[in-house]
Each structure stands twice: as structure tokens, then as C-alpha cells.
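Per TrEMBL, the feature active site, charge relay system maps to 155, 249, 283. Residues or ranges marked as domain 'BAAT/Acyl-CoA thioester hydrolase C-terminal' by TrEMBL: 127-334.
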């Protein structure tokens, strides 16, 4: 799989995602004589397709009430364990992780929350009532196995999942990929509760040797001063937590967030969460064999930033994290044994 995970963009700051999951990735492979430029004579060539939708998986666009989402249902007769999948500050409706997870027996709702159709165009404030609609949609769906569902979120999607688990009913398991335990980037409202975003100081942006922004130190500490109001009260949650952590995450201090979340849960008599740390892994821990994104445009910062990670270690983390996430959801949503490793 090295031919895939070692791919690099021809244009700087491009990030490889799959926009239309109904069509496979098409790889055109060519082998040339010799090394370096210009290439020697062509020795062999082949095409390789990588499909996202397994045969029998159903893709169902969801436009119910305010919900803007896509539901993926596995083949066969349900009900299936249900998961809501949230991405980060890129907005829109990424479907590829939800689709791939549905291939393994989960009913997965890829949920847009801004920058899509008639949803808000920017990240100023979020209302948990919108996410509550999505949770209730899943809990009431005939193909979703009760009594509760799982949440999966990366980056900004991670702290939204923690907020959902803390305030909404019906959540049994929450998995976070390099998420924050503080509310970040936008005001969060639910009924009469308001959680301000963690404040930041752009003067703490550093530049790498290649002149790209490194923002890992920009956010304030949510344990200090007024910023304590941004710490999400995850001790209110009635679910189990899994923190997936890239120890070379340069977006923010994911390991610090996971450990502080763990301390807070245990201080309130809650179960210790699973925390799985990956040395050499950066911020965007994607499904297996997606090429590591070393740097790309950050919509909130307004310029390219480094995400961290060393390609081979990051690839290995993606493979293991994918298994950890599935095992976690099978254990807590379907009652199957987990068989996981590397827990800290």
C-alpha cells in the first residue's frame, strides 16, 4: 500500500479527499526504467480501482427538518449499530469515512453542520438543537439498533461530539480523532447554556523553515482564567470515550486535551476513557492508506498551516486507529468483544 500512502500532491497545500464516493479512485500506475528525471523507457503500466461503496451498501440523502446529511446503511437486514460522523472546519458534507465505516456493519450518518446548502455559511455559532435533531433521527430510525448511538468526530468535529455527548440523551459511545475538550472556533449554544470558544493569540504563530505557519501554541490553556468557561463539561456524559491522539499533531495539543479530559472524567467518578497515542502521527488521521496531508489551507487561520506527522508512522497510525474505532463501537454499541491493543 506504500504506492498509496506515500503519494504527494503536485501542487503545494493540496489535500487528498474523496468527493464522490459513488465512483472509485482510479490509479494509473507506470513503471519506468532507471531512476530520477527524465524517466527512462516505459516498462509496464496498469490501472487500479479503489471502490468506496461496497456492494449492497445503501446511500440515502437525508433532508428532514433542518438536517442536511447522508445516511449509509450496510447490506442485509438491520437493525445496525448507529454512528453519527462529523468532520472539521472544512465544512460541507464529506461522506467517505461514513461510507467506509458502513462497509463494516454500521449505520452511519455523515452530518453537515456548516458551509453546505442552506446551512450557515461560516463558523460563528452553533446550536446543539440542530445536532439533537440528527441524534433523534438516528434513534428513531428502524434500521438503527438502540438503545443509543455512537459519535465519531475529527478536529472541530471532535469537540462538537463531546458537546453532544455532554448535553444530549441517547449517546452510548464517543470516539474522537485529535479532538479538543474545549469548545473551539465558534460560540456553542444549547437552550439557556452558552459555551464561549477558547481564546487564542495569533502572536504565538511560528513559521517553519519552509515559511509555513505552525499554530500548535496559538490556543490558550482551557484550565486557566476566563478560558475555563470553554472547557466542555464532559463529566455530564453518560457514554464511554475513546481518544485517538497523533503525538505530532501541529494543529493543537491533542494529547494534552485527551489527558485533561481523562482526568476530569475520573475526578467526577466516571469510567476512565480509552486513550490511544501514536508517535509520529499528525492531525488528520484518516481511514487507512489516505496519503498524509503535511500542510494545507486552514480556513480559520486564512493561510496554509502544517498539520504534523511523518508519512510512514502516520500511515501505520491510520491503519491501527481504524481498527480501534470499529472495535470500540462494536463493543459499546453491539456488545461484541473489542480485541484492541495499544491502550494507554
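Cβ atoms here come from the backbone N, Cα and C positions, even for glycine.
No curator has checked TrEMBL annotations; they are predicted automatically.
The shown structure was predicted, so the numbers you read here are calculated from the model rather than taken from an experiment.
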Cβ neighbours within the same chain of residue 155 (active site, charge relay system) - under 8 Å, at least six residues apart: 87, 88, 89, 177, 178, 179, 251, 283, 284
The domain 'BAAT/Acyl-CoA thioester hydrolase C-terminal' (127-334) [mean pLDDT, rounded to integer]: 97
Number of Cβ atoms other than its own within 10 Å, given for residue 249 (active site, charge relay system): 25
